[in-house]
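Q: Pulled the feature table from Swiss-Prot, pasting it below:
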| type | residues | note |
| --- | --- | --- |
| MOD_RES | ALA2 | N-acetylalanine |
| MOD_RES | SER167 | phosphoserine |
| BINDING | HIS255, ASP287, HIS377, ARG398 | dipeptide binding site |
| BINDING | ASP276, ASP287, GLU452 | Mn(2+) 1 binding site |
| BINDING | ASP287, HIS370, GLU412, GLU452 | Mn(2+) 2 binding site |
Amino acid sequence: MAAATGPSFWLGNETLKVPLALFALNRQRLCERLRKNPAVQAGSIVVLQGGEETQRYCTDTGVLFRQESFFHWAFGVTEPGCYGVIDVDTGKSTLFVPRLPASHATWMGKIHSKEHFKEKYAVDDVQYVDEIASVLTSQKPSVLLTLRGVNTDSGSVCREASFDGISKFEVNNTILHPEIVECRVFKTDMELEVLRYTNKISSEAHREVMKAVKVGMKEYELESLFEHYCYSRGGMRHSSYTCICGSGENSAVLHYGHAGAPNDRTIQNGDMCLFDMGGEYYCFASDITCSFPANGKFTADQKAVYEAVLRSSRAVMGAMKPGVWWPDMHRLADRIHLEELAHMGILSGSVDAMVQAHLGAVFMPHGLGHFLGIDVHDVGGYPEGVERIDEPGLRSLRTARHLQPGMVLTVEPGIYFIDHLLDEALADPARASFLNREVLQRFRGFGGVRIEEDVVVTDSGIELLTCVPRTVEEIEACMAGCDKAFTPFSGPK
């Protein structure tokens, strides 16, 4: 990213300096898109409400604040309790900040002026939240465009802006959501620089974890090391999601690390480790998974499963380019997994017939990847007209879109040996006929392997953002403490 000449977000030391021009450009993009929409009247004004501080249940213990994602995309504001207004016709932006009581200075620090926030966030005007109705009245908007829509990953409805006096205005809450979501799908050059940075720091942290892991450690010790590196070296106070540090059978638990299974197993000799962790900088995410043997040396079975997943990962990245349909990439990964599992003797028979029986979903029940940005599962996966495919595996895809330049996605194929899925397949004659029970038994308790990369779709291929050891030789060298150079995948760009 070119040196920022205007206001910027920066945490000092070697952290990334992010120009506030990034958000000014996002607001400009949104206005340009809205002006092209025939349903948008002249005199329309966008109203966004930022996130609010919360407490732990009924106590006064604060929960660390993280800005609401749409508001961050448009304004880059780190403080809670704010609103943002954008005049669609002119692009003029107004930030509304809370009017703080004098006691705030005692407990929380200096109370800043409106001019401070105007300079800090490079907006056209700053007013107080309690003035929002009167300020908007003076602007005489034809309609207020508020944000209401369903997140297609969570199924939850985003919070629509509301304030005292909003009932006096004409409000439309259907136009804005699809337009701002589509803006977020395509990253600007400045946004890509932040995502390169989150991947750089998180990749370095994964390499430190690989070097540090030892048999006898607790999984959470590696979670702690990862988060410490990201924060101390990268200024990442937040993680993009709860760290998944699965060893042994836990490596087949897709979202391990939750409160009921808090990365608390002791790592044992012979385990595979699957560590899915990503740091977040200024609300921009990363999402990286590394799989490796706990003792630093792959067994023959571990190597076979790992290299099967590596082959599918690289085949997908080599095939990605504008116009490619994402479900076809999932199917490509599935087919390669089935071919490799047959080569290992776990499966036998026609791979085409296995595909027809949806056997791939037994070993990879999740989708191949998802959009990445300000949210780790970023918005825009299923806009109007893009339907979810109701087939095993494919129904878990978080998007079924055709790839276009500027999209950022994860590529995360995996092979897992999940007992209840294997038992279901063995009880189903249509699938059991392909399974070699004796060989399969050897892999009960193996866990799983996932390889997850973050990539940008370019005009002719992809740019790989993640930079960690991936081949068996590279991983073993890294875990042995060697500083041997490794070459990340390089596909068409």
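Each Cβ is built from the backbone N, Cα and C atoms, and glycine gets one as well.
In the displayed structure, how are the listed features positioned relative to their neighbours?
A: For SER167 (phosphoserine), no same-chain residue lying six or more positions away in sequence has a CB closer than 8 A to its CB. Secondary structure at SER167 (phosphoserine), taken from DSSP and collapsed to helix, strand or coil, is helix.
A coil conformation is recorded for HIS377 (dipeptide binding site) in the three-state DSSP classification, outside any helix or strand.
For GLU452 (Mn(2+) 1 binding site), the same-chain residues 6+ apart in sequence whose C-beta sits under 8 angstroms from its C-beta are ASP276, ASP287, ILE288, THR289, GLY369, THR410, VAL411, GLU412, THR466.
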Q: For the binding-site residues listed here (HIS255, HIS370, HIS377, ARG398), which one has the lowest count of neighbouring CB atoms within 10 Å of its own CB?
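A: Looking at the binding-site residues HIS255, HIS370, HIS377, ARG398, the Cβ with the fewest others within 10 Å is that of HIS255.
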Q: Using C-alpha atoms only, work out the spacing between HIS377 (dipeptide binding site) and HIS370 (Mn(2+) 2 binding site) and round it to an integer in Å.
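A: Cα of HIS377 (dipeptide binding site) to Cα of HIS370 (Mn(2+) 2 binding site) measures 6 Å after rounding.
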Q: Neighbour count, 10 Å Cβ-Cβ cut-off, for ASP276 (Mn(2+) 1 binding site): what number do you get?
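A: I count 25 other Cβ atoms within 10 Å of it.
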Q: Please report the Cα separation of HIS370 (Mn(2+) 2 binding site) and ARG398 (dipeptide binding site) in Å, rounded to an integer.
A: 5
Q: Which residues, same chain and not among HIS255, ASP287, HIS377, ARG398, have a CB within 8 angstroms of the centroid of the CB atoms at the recorded dipeptide site?
A: ASP153, TYR241, HIS370, VAL376, THR410
Q: If you count the other Cβ atoms within 10 Å of each Cβ, which of the binding-site residues ASP287, GLU412 comes out on top?
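A: Per the Cβ count, the most surrounded site is ASP287.
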Q: Is ASP287 (dipeptide binding site) helix, strand or coil when read with DSSP?
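A: Reduced to three states, the DSSP call for ASP287 (dipeptide binding site) is coil.
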